[in-house]
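Trainee: The structure that follows is given in the form of structure tokens.
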Amino acid sequence: MSDRDSTDPDEPTQKSSDEATADDGATTPETSDGDDAKTSVITRERLKWVRRAVLVLIAAILAFEAVYFWPTVSKSLRELRHIQWEWVIACVIAVWFSFDSYAQVTRVLLRSAGVKVKQMQVLGLQFASNAVSQSLPGGQVLAPTLVYRRTRMWGASRVVAAWQIVMSGLLMSAGLAVLGLVGGLLAGAKTSPYSVIFSVALLVVFLVMMQYVASHPDGLYVVGARLIRWVNDLRNKPEDTGLARWKEILDQLQAVKLSRRYGVEAFGWSLFNWVADVACLAFACYAVGDAPALAALAGAYAASKVVNTISPIPGGLGLVEAALVPALVLAGMPASQALTATILYRLISYLLVVVIGWIVFFVSYRDTMDVDPDAVAEPAAGGDESKSTGAAQAPATLDDEPPGAAPPPQTPPPAS
């Protein structure tokens, strides 16, 4: 027998062994995928049972509260029959003034940066953004996005659009802190001033920083240019990469120099926003009976707004009411009247406003979230959009490579 004949029988055996190995390798991923699918099914089943358990727990808590608080609730419902409708109309008017003053804050800030817009446009945007913020999960993120994109469409630069959102939030927080502190002091409570000091200090620090940046662009350009060149050296990029974009940002920052007149006007409107909302709560109390002292009312209102701010539930549903009713009772109102006034106040200041906001959103702003204004060449300064080209261009980034380093920006004359 030749060597060829002696080795031929082994070849099929070796081939079969290789095929078996290949088959084992081919089935291993399938087995792994099957285990992953089985684990995924088990996880979904567990989550389904967890959701059911949470729903049962919530239903049990609500049932207990309904039984425990039913005497007070039934008495409150009976008192709704004797409601004084002239005070209800006053509530609606107060809410309108509250939102109008909030829109004035945004308008003043935009006007200080050179962006001119009509009051009704800003008011509609505030209603729409409030509806998104107060009724959707994650609305606290979606609402600023809506405001940012709409203000960009009005002609504001990226920096101005973002700046006015931050600035208006700081102004509103400072106004609420001042209102709560004044209300507590007038009521004779030993109110800690640290919250209002913190809010006002945060506002002042932000203002000083923005004023310094707007007034000293040359020095900031030099510092930023050195940092950019150092980063470019680490990334093996050309030395002048990103300098043009840095100069563009500084040019935009010069448009957000808030003068003393505009700052006082914006803070005044932010404070009036809270005063009008407190008036709405007072009118709701008058509609069902007598309102407590104004100082105690302001303190109760501030406490409910703090709860609404930190609430994980859209609009603070259930939590705001749970904070406001005891605060009104402590201010001297009967429990049934406090509950009725709270329900009336929330129906007007929350439900009615959200309904109006969604109507405005679908009529005027439903396409805003689909438009990316940053895809269009933006104006060089605050609001002169006529300088931008009509064609869509990609926004500049730090990776853009201009042909040469841009000269330091020139300081403009102070804004009026």
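Note: Cβ is positioned from N, Cα and C throughout, glycine not excepted.
Straight from TrEMBL, here's the annotation block:
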- 1-18: compositional bias 'Basic and acidic residues' (COMPBIAS)
- 404-416: compositional bias 'Pro residues' (COMPBIAS)
- 1-37: region 'Disordered' (REGION)
- 374-416: region 'Disordered' (REGION)
- 53-71: transmembrane segment (TRANSMEM)
- 83-103: transmembrane segment (TRANSMEM)
- 159-182: transmembrane segment (TRANSMEM)
- 194-214: transmembrane segment (TRANSMEM)
- 266-289: transmembrane segment (TRANSMEM)
- 309-331: transmembrane segment (TRANSMEM)
- 343-365: transmembrane segment (TRANSMEM)
Trainee: Is the number of Cβ-Cβ pairs under 8 Å between the transmembrane segment (343-365) and the transmembrane segment (266-289) three or more, considering only pairs separated by 6 or more positions?
Mentor: yes
Trainee: Checking distant contacts: for the transmembrane segment (83-103), what same-chain residues at least six beyond its ends satisfy Cβ-Cβ under 8 A?
Mentor: 119, 122-123, 125-127, 130, 172, 269-270, 272-274, 276-277, 279-280, 283-284, 286-288, 344-345, 348-349, 352-353
Trainee: Six or more residues beyond either end and a Cβ under 8 Å away: which residues meet both conditions relative to the transmembrane segment (309-331)?
Mentor: 133-137, 139, 285, 292-293, 296-297, 299-301, 303, 338-339, 341-343, 345-346, 350, 354
